[in-house]
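A.B. asks: Sharing a structure here in structure tokens format.
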Amino acid sequence: MVASARVQKLVRRYKLAIATALAILLLQGLVVWSFSVLEDDEPGEKGRQKKSRPLDPSEGSKDTDSSAGRRGSAGRRHGRWRGRAESPGVPVAKVVRAVTSRHRTGRRIPPTPPPEAPGRQNLSGAAAEEALVGAAGFPHGDTGSVEGAPQPTDNSFTPKCEIVGKDALSALARASSKQCQQEIANVVCLHQAGSLMPKAVPRHCQRAGKMSPGIPWDEVRAQQPADGPPVRIAYMLVVHGRAIRQLKRLLKAVYHKQHFFYVHVDERSNYLHREVVELARQYDNVRVTPWRMVTIWGGASLLRMYLRSMQDLLEVPGWAWDFFINLSATDYPTRTNEELVAFLSKNRDKNFLKSHGRDNSRFIKKQGLDRLFHECDSHMWRLGERQIPAGIVVDGGSDWFVLTRSFVEYVVYTDDPLVAQLRQFYTYTLLPAESFFHTVLEISPACESLVDNNMRVTTWNRKMGSKSQYKHIVDWCGCSPNDFKPQDFLRLQQTARPTFFARKFEAVVNQEIIGQLDYYLYGNYPAGTPGLRSYWENVYDEPDGIHSLSDVTLTLYHSFSRLGLRRAEASLRAPGESSCRFEPRGLPSSVHLYFYDDHFQGYLVTQAVQSSAQGPAETLEMWLMPQGSLKLLGHSDQASRLQSLEVGQVGTEWDPKERLFRNFGGLLGPLDEPVAMQRWARGPNLTVTVVWIDPTYVVATSYDIVVDAETEVTQYKPPLSRPLRPGAWTVRLLQFWEPLGETRFLVLPLTFNRKLPLRKGKFSQMIAGPPHNEYMEQSFQGLSGILNLPQLEPAEEAARLHAELTGPALEAWTDGEQSSFWSVAGVCAVGPSACPSLELCRLTSWSSLSPDPKSELGPVKADGRLR
């Protein structure tokens, strides 16, 4: 009793404090609860939304020839979206959270009805549902972001129903445009009303069970003549990016005058489109689609592009093809054209597609076929669950196929409800091209023609893993094959199956394997042929315009030009001579990456210049080569494990699948998020401390990495506050505070901001470093004594003065920093030059204008080929 009375007395005395604490806890709980509805349970989803968390290497799985990884987890408590008129100026994400929060507290906001047409009465029940379908544009409305998608008729965002489900709410919160949000809302409302998906699909195939197991390769039968004339092939080349030389090499390898080539270039790849249009003018049987789409990985737009291309190919006068084969620019043949034509001529009634295997339920879950998706804003949004229509025998596994003309005609022109309903189903499906044609064929009258083989060889290195590489464009975990390397060459020569193509090949990753395969098929080039070990890839072309450049690349290319012109001037031996003194004119006209023997050799910058001697305008090309900055400081067994920590090993655009930085040369600006990567030889386990030091000797961060005996690569992106201070940074590796090695990298001092020369003011903060020298919440400056760093004050004063620079003084500082990391390896003249020391670019071995026979297309030879 005494204890009870004492407790009551304490409660009365502190009841205000207790009530306040409980209120705060309740409020925090409500906030966490309301925000959690917008997140996904899956760790990979959180990794996509919180960029500072490294991806879990175990995320995702990959089956042979299938791109989807593990499905997102389900079962989270659903939130709701209740439509309402949006207040002007209120961000959409905040609206979503506010509405969700209000729902949690019990308030109900009814859906906002669509504007009432003049003379039209309000509807309810079935009539209201019918009006909703009509207003949303399905099935008779406008075309949306992808074919068949209901598109809004204005820019207002008004949900026409009460949207239920965490996936739909999350998509609405993350979509960046109101049109996309409205499309998502329309699709979800139709789906909730049961008006979006077909309930059942007719089945015309009388065969039970799965498709044919495949046709083995028979070398003897392959040499026997086929009945009837040789088949003719329509190649559909689906390309994007800037690798025109690799595309030319592919076309050179597969070209024959009896075949037809139709090229679709992604709408975002304007440089490649210009080059392909020019290429197609040389050959009557090569054409470019007069239309272009943005085709994202896993998107419904890819299937739409294929169907439209198929219709085009069927309607080209005089193109009497027998088979449709799709290729990308990263494909390459593994057998000759003669072998392919002979094989298809003996199997002219077969359709070749790769199946996922026997476990249908696992394939459905892994591919997300039981989920509803919609594509808009160049993203595939997961919107909830759905039922697969009755009658469908789901099949698929690869979006690379070889199809007969008769089947293509059936898919494009038929009035069969089977195809129409499957088109509707796959409009809202992830990775539709990996399953649509398989499923149509599996239940169509032509099901007996299906062969389980897509004629491709791919490689999936599970040790390196997919790393959920497409999560920034799809709400799912997926990946693509690894690139082939020289050690894979024997696999490309396999003869057990009739495979005729392999993927993927990337010359910026490894060109040697492309050469090996090319020489194996068509023989070596003559001795002394130039350019066989070189590769060039354009990264900027003048018609792209200044808007295609970032402030970092704009600063860098201008600095490269100035450094190159100083080199040209210094090449003069006669004092006072001005014929080699040039001034740059405008932007560079082009910039290329240059590789030799599969090693990055630097940037080639082509620049229009004016001679100081008042001569005619000229064009020069300058080669800027990166300088190594690795220092191996230790001598222990542990130190010997460190293979490379060199320039380019701190950078951005890290590709964990190929283990390289796609940002070649490590071009970094103050707003970038750099990654440090180390390569290790096998050896004893060790724990390494990594320390980042900025140009003023501020210890920005420190962390430990565990290097197991079998570890080959380690990498980490510390969550540093930005802007980073421009100048030379240092990354040190230590074990027990004894040095193993260090590398330096450059954060480029920007001379441009928003494409304009940097001026004094708030934007000059871009070169002043973070506020209060704080890169992390935790200070690591206490390590400066252990690291024997110089005093901060002199370096900080120099940095303060640099932050005030503009104009030529800022350019001089930028060029000085650049010259510590890049050297001018060569300068040449595109045409005749007044400077006697400049060699013509076409006579050099390194210029982008030097001969490159392996990627040059010429006239068709007597045998109908180019190679």
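Glycine is treated like the rest: Cβ placed from N, Cα and C.
According to Swiss-Prot, the protein carries these features:
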BINDING   Val238, Asp266, Thr295, Ile296, Trp297, Asp399, Trp400, Ser480, Arg503, Lys504  UDP-alpha-D-xylose binding site
COMPBIAS  53-65  compositional bias 'Basic and acidic residues'
COMPBIAS  73-82  compositional bias 'Basic residues'
DISULFID  Cys161-Cys189  disulfide bond
DISULFID  Cys205-Cys447  disulfide bond
DISULFID  Cys580-Cys835  disulfide bond
DISULFID  Cys828-Cys841  disulfide bond
CARBOHYD  Asn122  N-linked glycosylation site
CARBOHYD  Asn326  N-linked glycosylation site
CARBOHYD  Asn685  N-linked glycosylation site
TOPO_DOM  1-15  topological domain 'Cytoplasmic'
TRANSMEM  16-36  transmembrane segment
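Are these features on the surface or tucked inside, and what touches them?
C.D. replies: DSSP assigns Thr295 (UDP-alpha-D-xylose binding site) to coil, not to a helix or a strand. Counted within 10 Å of its Cβ, the other Cβ atoms near Thr295 (UDP-alpha-D-xylose binding site) come to 23, all protein chains included.
Under DSSP, Cys161 (disulfide bond) is assigned to coil, being neither helix nor strand in the three-state scheme.
Here the Cβ of Cys447 (disulfide bond) has 19 other Cβ atoms within 10 Å, regardless of which shown protein chain they belong to.
Cβ contacts within 10 Å of Cys580 (disulfide bond), excluding its own Cβ and spanning all protein chains shown: 23. In the three-state DSSP assignment, the secondary structure recorded for Cys580 (disulfide bond) is coil.
A C-beta separation below 8 Å, combined with a sequence spacing of at least six in one chain, links Cys841 (disulfide bond) to Glu621, Cys828, Ala829, Val830, Ser847, Ser848, Leu849, Ser850.
A simple way to gauge crowding: the CB of Asn326 (N-linked glycosylation site) has 23 other CB atoms within 10 angstroms, across all the protein chains here. DSSP assigns Asn326 (N-linked glycosylation site) to a strand segment in the three-state reduction.
Within 10 Å of the C-beta of Asn685 (N-linked glycosylation site) there are 12 other C-beta atoms, taking all protein chains into account.
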A.B. asks: Using only C-alpha positions, which one of Val238, Thr295, Trp297 is spatially nearest Cys835 (disulfide bond)? These are the binding-site residues in the record.
C.D. replies: Val238
A.B. asks: Fill in the CA-CA distance, Cys205 (disulfide bond) to Thr295 (UDP-alpha-D-xylose binding site), as an integer in Å.
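C.D. replies: Just about 32 Å between their Cα atoms.
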A.B. asks: At its widest, how many Å does the recorded UDP-alpha-D-xylose site span between Cα atoms of Val238, Asp266, Thr295, Ile296, Trp297, Asp399, Trp400, Ser480, Arg503, Lys504?
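C.D. replies: It comes out at 19 Å between the most distant Cα atoms.
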A.B. asks: Taking the Cβ of Trp400 (UDP-alpha-D-xylose binding site) as the centre, count every other Cβ atom within 10 Å, in any protein chain shown.
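C.D. replies: Step by step: centre on the Cβ of Trp400 (UDP-alpha-D-xylose binding site), count other Cβ atoms within 10 Å, giving 21.
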A.B. asks: Average the per-residue pLDDT over the topological domain 'Cytoplasmic' (1-15) and send me the rounded value.
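C.D. replies: Across the topological domain 'Cytoplasmic' (1-15), the average pLDDT comes out at 57.
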A.B. asks: Pop the Cα-Cα gap between Asn685 (N-linked glycosylation site) and Arg503 (UDP-alpha-D-xylose binding site) into the table, whole Å please.
C.D. replies: 36
A.B. asks: If you draw a 10 Å sphere around the Cβ of Cys205 (disulfide bond), how many other Cβ atoms fall inside it, taking every protein chain shown into account?
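C.D. replies: The Cβ of Cys205 (disulfide bond) has 16 Cβ neighbours within 10 Å.
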A.B. asks: Would you count the other CB atoms within 10 A of the CB of Cys189 (disulfide bond), including those on all shown protein chains?
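C.D. replies: I get 25 for this one.
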